[in-house]
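Here's the structure we're looking at; comments come further down.
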């Protein structure tokens, strides 16, 4: 909850002036509040931690938030592959996972089981390569199955600690993977970074209206807090895979399934071998309302492109590796590459310029 520019405790009275207000703990609205004494005696003025955060972020050229209105749309997959791609171009990249209750970034970067180390400069990120560092609460859990059951203030505290205590060094890009929705974490990350300059947000959705309804709220959130929308990515935009990767079934009236895959593939090899080079495509989600592209036109924000639902991309994410390395993600990797190039164009940053700056 907020009042003006001040964060308000969850258990505060209805008309709380805010703990940083000069009237905190003294106004009529404070009577009976459990925080009254603490607010009255607390130091007022700017948060000193914001100065420390600004100093840390002074060595980061570009900050990108990756958001989604709804969970399960592939936001963390996009964050991971964006980071892999930028690092492969030669940029110095940091990936900060602030999805406190669902930290999937360690697995998607192949870093499960790693731990955070501390130096005299602060917390050290866990590195995939020398130019790709990662920070996540997932590295701090004794057991990966442990649930993080925290209220908003404690979540905000760890996000602030990540920003002020992690030593990234010189970065070209800091990619921030946020949880879905528009909750405390989103308000906090924007407030903590606003003075340091956030380039904007990349928003990930799937094509159906159930997802787009929430993405519209995400766009509205960005506009309300003054966060530029760099563009929207429509993920899982149709199932797309080579015909030879499909499994073929004969389903009886009783629902019994019989695997016919080998018979079908053998038939095609003998009778129509050219079919084995075709790609199968199927609309998984209803796109009759126009999908992400129409929503972007309606709301006046850039549309970065579509990424198909590619089982090979899903496998790369499960295995914690880049989809760009081995050429196996033939359906999704080219789409992601085009989107990342559009993102760089939206940021008005050219690859040669970044590389010449010493990335």
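Glycine residues also receive a Cβ, built from the backbone N, Cα and C atoms like all the rest.
Curation plays no part in TrEMBL annotations; they are all automatic predictions.
According to TrEMBL, the feature [4Fe-4S] cluster binding site maps to 16, 30, 33, 39.
Listed in sequence order, the residues of the same chain lying 6 or more apart from residue 74 (ATP binding site) and placing their CB within less than 8 Å of its CB are 204, 206, 235, 236, 307. Look at TrEMBL and you will find 69, 70, 71, 72, 73, 74, 75, 76 tagged as ATP binding site.
As annotated by TrEMBL, region 'Disordered' applies to 1-31.
Residue environment of residue 70 (ATP binding site) contains 19 other Cβ atoms, counted within 10 Å of its Cβ in all protein chains. Set side by side, the binding-site residues 16, 30, 39, 72, 76 differ in how many other CB atoms lie within 10 angstroms of their CB, and the most is found at 76. Taking CA atoms as the reference points, residue 33 ([4Fe-4S] cluster binding site) and residue 75 (ATP binding site) are 40 Å apart. If you take the Cα of residue 73 (ATP binding site) and the Cα of residue 16 ([4Fe-4S] cluster binding site), they are about 37 angstrom apart, rounded to a whole number. Here the Cα atom of residue 16 ([4Fe-4S] cluster binding site) is found 36 Å from that of residue 72 (ATP binding site).
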